[in-house]
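Undergrad: Have a look at the structure that comes next, please.
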Amino acid sequence: MSTPETGAQTAPIRMRVQGMDCAKDVAEIERAARSAGVSAEDVKVSAATHIITLRIAENYLPKVRLALESTGYGFERIEGDDVSADPGYKDPSYRWALWIVVVLNLGYGVVEMAGGFLSGSQALKADALDFLGDGAITFLGLLAIGWSLTWRARSAMIQGLFLGLLGLGVVASTLWRVLNQATPEAGLMSAFAMGALIVNILAVLPLLKHRKGDANMRAVWLFSRNDAIGNFAVVVAAGLVAWFGSAWPDLIVAFGIAALFLHSSWTIIRDARADLRE
Ligand SMILES: [Zn+2]
């Protein structure tokens with residue numbers, strides 16, 4: 001059901017979102033739009049293209065925009081139907097910065113996954129998925145420059161399904177750990193989690209100068225926070241594991257991070273399905 005102010009009959013309003021780095025940002029931005037009264041089916045944020053699509057009346061946009069901008073991301077109106085690749089991709093130094101982000105995310109994703117097995121921590125494995133997912137999305141964005149919308153949607157679908165399977169794998173192995181508990185090695189666990197925090201902050205730096213608006217420390221926090229909160233939760237879990245000598249803090253954080261990751265994978269599949277239908 002549409003809210004009275006919104007109108008599915010008008011042409012959709014599209015904006016490019018600046019500052020999105022993480023698939024979890026999708027949920028945050030959609031929540032902001034809903035807080036301004038937009039119904040769930042009238043807002044869609046794509047993790048792959050960083051485009052928000054609103055089906056609302058034009059005169060309602062200022063109110064929604066205010067709510068969106070309170071999240072800290074930048075919103076730039078796209079005129080017409082040009083929803084192809086980000087025009088920023090034409091800039092070689094921007095593409096170079098994105099490759100650095102891909103290498104940092106995929107690289108640390110592998111390192112943190114290994115850390116999860118070494119220390120026996122499920123939370124580290126779940127957190128590693130987020131790196132792999134964010135790296136894969138940026139990687140696909142770079143590969144798909146110039147691809148048709150259909151091919152981009154197909155590859156996004158495969159990516160969403162693959163990430164979803166990885167997420168289910170971590171959930172299943174965490175369930176197994178609930179039944180066969182072993183206390184993780186807390187020191188090793190917190191070292192890998194602090195490494196994750198550092199890499200997430202480093203991954204924002206190459207993109208900063210390509211962003212309009214505030215390129216400062218506040219922006220670094222703003223654009224890495226959704227990942228940093230996860231990393232920080234693993235650090236706290238490691239402390240609690242050491243304190244109580246119990247596996248539970250690790251398992252609970254693992255479920256939380258994996259659930260968010262599965263939700264992100266679902267939004268990628270949802271977008272790809274919608275794009276394939278169009
Ligand atoms: Zn992320």
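Each residue's number is its place along the chain shown, starting with 1.
From the backbone N, Cα and C atoms, a Cβ is placed for every residue, glycine too.
No curator has checked TrEMBL annotations; they are predicted automatically.
Found this in TrEMBL, in case it helps:
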type: TRANSMEM; residues: 96-119; note: transmembrane segment
type: DOMAIN; residues: 98-276; note: domain 'Cation efflux protein transmembrane'
type: TRANSMEM; residues: 131-149; note: transmembrane segment
type: TRANSMEM; residues: 156-176; note: transmembrane segment
type: TRANSMEM; residues: 188-208; note: transmembrane segment
type: TRANSMEM; residues: 228-245; note: transmembrane segment
type: TRANSMEM; residues: 251-269; note: transmembrane segment
Undergrad: Take the C-beta pairs under 8 A between the transmembrane segment (188-208) and each of 96-119, 131-149, 156-176, 228-245, 251-269. Which stretch has the highest count?
TA: 96-119
Undergrad: For the transmembrane segment (251-269), which stretch among 96-119, 131-149, 156-176, 228-245 has the most Cβ pairs under 8 A?
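TA: Ranking 96-119, 131-149, 156-176, 228-245 by Cβ pairs under 8 Å to the transmembrane segment (251-269) puts 156-176 first.
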